[in-house]
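The structure under discussion appears below in the form of structure tokens.
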Amino acid sequence: MKEVSKKGNHRNSERFSTGIGVLMATLGSAVGLGNIWKFPYLTGSNGGAAFLIVYIICTILVGFPILVAEHMLGRKGRGDAVSTFENVAPKSAWWVIGASGILAAFLIMAFYTEVAGWVFAYVFKSFGSGLLSTDPEVTSSIFASLVSNPVQSLIWQWIVLAVVGAIIMLGVAKGIEGTTKRLLPILALLLIIIGIRSITLPGAGQGLSFLFKPDFSKITAPVILTAMGLAFFKLSIGMGCMLTYGSYYSEDQNIPKNAARVVAADLTVSILAGIAIFPAVFSFGFEPAAGTQLLFITIPSVFASMPLGGVFMVAFFLLTAFAAIGAMISLVEVVVAFLVNRTKLGRKKSTLITVVSMAVVGSLAALSNSTMANVTVFGKTFFDLYDYVSSNILLPVGGLMIAIFATWVWGWPRFKEALSNNGALANEGVLKAVYNILKFVSPVLVAIILLTGLNIVHI
Ligand code: TRP
């Protein structure tokens, strides 16, 4: 529902209903393929434990404060990614953050829907017996036959978009809360079961050392940028997504506390995914730096070595598909909320236009392991390019601007008022710390990491 206030601004009037609903809905956006697919693959390709440490530091010093700022501004502005800035900073250019966020939503969805398509396809493959193998060659060739088939790649991606589009058309609160609420705890439990199997495999210790014993010689400026990009991607920040969610928060929600829980739960799921995967990687002789395919080639080997593996594998890919859907809903919602507020299209048409455009942009990513494998820009396929530009450039730049806005422009008095719920919460000490980090630490870190990681400045 939209509501145009007397001042003529675009403000929404929908709210998340309950406290636990807020936490779960926000987690529904944060937890997704980022935890299950991207985190393990990047950790594997960037040297393991040292990458994990840099990633955690970025999450605490950059991710958490920006998440808090987005929820705060979203609740104040009560609009979509663009209108929120127009509401909290009228007659200024800050709305550009929201506009860049809409671009980011397209780029992220373009590759995200492809990976989600692989997950959907694996749900079906899990019903057969062929996938259950501990032989790297077998699992790799099954994956290769899927991604090198252009028709299958496109169709799975479109199925994903159709499913997400249909859910969005049902409406914000119901669509988002309903799908994600119940499933996350089950996913976490399943990851624990898989993790236990994985760490009891012969030779598993090597995988645990890889994940938890840092070798700091692996750390370079581009690796740090990748870790920071992952921190943004994981928490769905830097592009107006959490801003849009903040606009559904009620006035009495404790934003910093909720954000801390989101960060903790999200990190836990990622680390559980790492524990499920890396011991098996070393036990069966997979390559930790296998890249985007890591999840899909290694996880079947864990299932192949446990009782009822086939059943667990169906459940695993199904739950991963649900987690991915929750995250995609939040991405599509950024664009749809904007269109609903700004045009006369209405929710259904806005959703349709959005997902169809995403299918067009996304098809270039879907085909980048087959028909378009040799088409590269800056040496990257479209799949990699979309991922790189969104995670390593657009999100950090957006986050940097949000940090600057929330502190240097918005300022302490309003920050304190908004996040203490007008003084109802006795959390001034915490707020002061978050504020100072957001004002002095996060922007400087983001700027340095961006400039060095993109090779603009050398130190
Ligand atoms: N955080 C989600 C994941 O890890 C992906 C996601 C959803 C996202 N919304 C976003 C990433 C907004 C960046 C921005 O899977």
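Cβ coordinates are placed from backbone N, Cα and C, and glycine is handled just like the others.
Curation plays no part in TrEMBL annotations; they are all automatic predictions.
The feature transmembrane segment is assigned by TrEMBL to 20-37, 49-73, 93-112, 155-176, 183-204, 224-250, 262-286, 311-340, 352-373, 393-412, 433-457.
Counting C-beta pairs under 8 angstroms (sequence separation of 6 or more), the transmembrane segment (49-73) reaches the transmembrane segment (262-286) with 3 or more such pairs. Listed by sequence, the residues of this chain that lie at least six past the ends of the transmembrane segment (224-250) yet keep a Cβ under 8 A from its Cβ atoms are 12, 14-16, 22, 25-26, 29-30, 34-35, 38-39, 42, 46, 51, 54-55, 58-59, 62-64, 66-67, 70-75, 77-82, 84, 97-98, 100-102, 104-105, 108, 172-173, 262-263, 266, 270, 327, 330-331, 333-334, 337, 390-392, 394-399, 402, 445-446, 449-450, 452-454. Contact counts against the transmembrane segment (93-112), taken as Cβ pairs under 8 Å, peak for 393-412 among the stretches 20-37, 183-204, 393-412, 433-457. Here the listed stretches are 183-204, 262-286, 311-340, 393-412, and the one with the most C-beta pairs under 8 angstroms to the transmembrane segment (20-37) is 311-340.
Ranked by Cβ pairs under 8 Å to the transmembrane segment (311-340), the stretches 183-204, 262-286, 393-412 are led by 183-204. For the transmembrane segment (183-204), the list of distant contacts is 24, 27-28, 31, 265, 268-269, 272-273, 275-280, 282-284, 299, 302-303, 305-306, 312, 315-316, 319-320, 322-323, 326: same-chain residues at least six beyond its ends, Cβ to Cβ under 8 Å.
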